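What follows is a single structure, written as structure tokens, with notes after it.
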Amino acid sequence: MFSVESWLPALPGLAWGWTLLDALLQGEIPRRWPGDSPGDTSDPLLPFPAGLVGACAVSVLCSLLRVYLYIQCVNNPERQAEKEAIAEGRPLLEPLHVLVLTGVLALVGSRVAALVVLEFSLRAISIILSLGKGAHSSQLYLLCQYSLGCGVSCGLSFLLEGALHRSWNLALAAGLAGLLALHARRLAQHVCALYELHSRARYCGICILLLAAGHGIPRLLRNALALTFTVADLAAVELINRDFLSTGEAVRFWTPLTICYTLLVIYMQEESRQSTGRGLVFRTVVVRMGGLFILLLTVGRWTDILHVFVSLLGELWCLLRSGVLLESCWRQ
């Protein structure tokens with residue numbers, strides 16, 4: 001088989017470069033690099049494209065919610081101030097948000113990302129059950145931004161782990177995710193700029209479609225998120241269980257984790273009944289990450305502690321960026 005190393009000069013110190021080039025030409029990311037220990041089987045480049053796919057998924061979610069909330073404000077004369085706030089676009093901030101979130105998701109380890117996904121899934125089930133049959137909350141879609149990024153990144157990394165040609169698979173996934181996020185952002189910009197004019201004049205096919213079926217966006221998001229988090233939860237459980245050598249170790253980890261998450265859900269339900277607003281959301285983030293920090297102090301590794309702080313920054317970044325949309329959801 002053709003190999004770059006077979007005809008390139010074996011220069012000292014550049015063996016890792018030839019290995020990387022040879023692996024990329026064959027559509028693979030090498031499991032080991034020259035000089036690595038025999039037990040080191042981690043993929044050094046895998047988290048970055050997986051994190052990009054997760055960040056693009058968050059971008060698509062926010063763009064579709066922006067479209068839905070803007071349409072709701074257009075149809076309500078009392079919400080014109082909200083409509084103008086949602087329509088205020090900052091084109092340079094969206095790529096920056098995707099870039100920062102990609103870096104955060106790439107830095108967070110699979111163990112902490114899996115715990116974030118499981119915690120949000122339990123919290124989402126509790127909120128949905130408390131809302132009642134047939135009800136939905138647009139605010140829940142915004143609160144799941146970082147958890148969605150962790151879920152997509154975690155699930156994609158797990159599904160492609162050890163697969164042949166995974167570098168090409170990840171490149172294709174990242175390219176498709178970026179293209180989808182770009183079109184979703186353009187859709188949001190188009191709606192915020194021209195929806196009122198086009199919907200009245202029946203001029204634009206996209207605006208006419210949104211006029212007729214725009215109310216179905218929450219249902220579309222609900223089904224997509226349900227499928228995404230189902231896959232992510234299965235991947236998260238598998239990623240966590242692989243670190244245990246025996247059933248006893250697994251029980252010593254899952255028992256305090258279950259108790260901690262149950263107490264967190266009960267606390268957040270009581271808090272939501274007593275107060276609302278942005279302050280509640282940020283307090284909830286701090287309490288959740290604080291509980292996860294204390295849990296990992298007893299059953300985690302020192303790298304998990306660092307990843308918890310990175311996750312806190314990621315949660316706060318997503319919430320700060322979507323402040324206008326959160327305000328609109330609270331007023332509904």
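Glycine residues also receive a Cβ, built from the backbone N, Cα and C atoms like all the rest.
Note that TrEMBL annotation is computational and uncurated.
Range 280-299 is the one annotated as transmembrane segment, of 220-239, 280-299 (source: TrEMBL). The transmembrane segment (98-120) shares more Cβ pairs under 8 Å with 140-160 than with any other stretch in the list 140-160, 166-182, 251-268, 280-299.
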